[in-house]
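Chemist: So TrEMBL says this about it:
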type	residues	note
TRANSMEM	43-64	transmembrane segment
DOMAIN	127-269	domain 'FAM234A/B beta-propeller'
């Protein structure tokens, strides 16, 4: 290739041409001399350089960038996102996704104001998973019932090293893949078991150690089978959902319920309530607590003896506590009366000498489950969430049923302690919630919001993030008292918010110390 330089004058052009092409007279013939073409080797090298450039561009455009679902974990940032047509139900759970931790929750879709653009069918329920660092929907799965409980911490049927989610509903139990949202197996009313048995009235399950040696924890439930007169204990494979052994029937009981489990040394003790008739005319019933160990349960169901329960599940309790303790501070919360008319809440926080450091009481108010905070060796506290009902608008619909539009104020209060220094009280947030009630059926439901706070380190950077959600109905109408007589004018929405609470608390104390 030649060197190119800018021409200083027009004469340079003529000089260049004369130098490039020389005419010489020889034997009265004119010979033309010119630069020869590139050799084959140089042409191949030139072509290869062009291909390398094109290949480099393609790699940077389509190979190196990863899909959002498969990218490596990113540092969590504060975000909030609105989802239309569904109501989340606590508590929130965490599962391992392809790019870090994902948020999993139960949901119920909108009872009223359904929009054709909504992706969630009306009057349905299911499970939804949100990517932890963005809030993007990873997957959602619709169920045949509205779920009541969710546990994503104990069972791994596909044994891929990631726990899947056990979902419980009204006479329903199922396992959902936490990565894809696919239902691995499920049991519900009229489900067929072996020997053409149909199952009904499935109780709240208890996770047991692995009985059939397939490497997956199993599940014990109380249910009604078609060939049995009364309820029985049924052991279900956590991997397949199939019955293990035979049903366990206590013929001395006319009914059994309230299955529970507790740890007993290196084994487990199972208990249930047994209902017995005490006289011949069946006019009086007595209730007894029946118990059996894990070894006894396995022998009666499978006819096989087992010495040890081996590695067992983590026991969880559904007991509703009224007291929470962190360090030397103790919080007592008592909710009384039915909401919204006659309910009230009382909160009392005491210090190391049982002196009251915070007291709050309010009428027409309900206190949600408090969140215990512990950030470092000195900073701790509680996070409180309240619903306070205001006035209600009563409207008569076309079918003579009443539409109640309840006005609720949702407030979050932060109580923090820094060593021996005085308590710091921060009104963290306050928002308006609109609750629609038709024929005593309300949405959002109070019982869905009682466990709507979660504190966790999403990005594993040593700082904890607060995950919370708020559910409300919205409308574009300005004067709802006269124009919002139709429940279809309202739109249900859920806002999920993630904030770097621990980092903000540390900043707050820096400001407080600076002022002091």
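Here the Cβ of each residue, glycine as well, is placed from N, Cα and C on the backbone.
TrEMBL labels come from automatic prediction, so no person has curated them.
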Chemist: Excluding the flanking five residues on each side, which residues at least 6 beyond the ends of the transmembrane segment (43-64) place their CB within less than 8 Å of a CB in that stretch?
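Modeler: Same-chain residues near the transmembrane segment (43-64) but 6 or more away: none.
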Chemist: Kindly report the helix/strand/coil residue split of the domain 'FAM234A/B beta-propeller' (127-269) according to DSSP, in that order.
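Modeler: Reading the DSSP string over the domain 'FAM234A/B beta-propeller' (127-269) gives 3 helix, 72 strand, 68 coil.
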Chemist: Within the domain 'FAM234A/B beta-propeller' (127-269) only, compute the mean pLDDT.
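Modeler: Mean pLDDT across the domain 'FAM234A/B beta-propeller' (127-269) comes out at 89.
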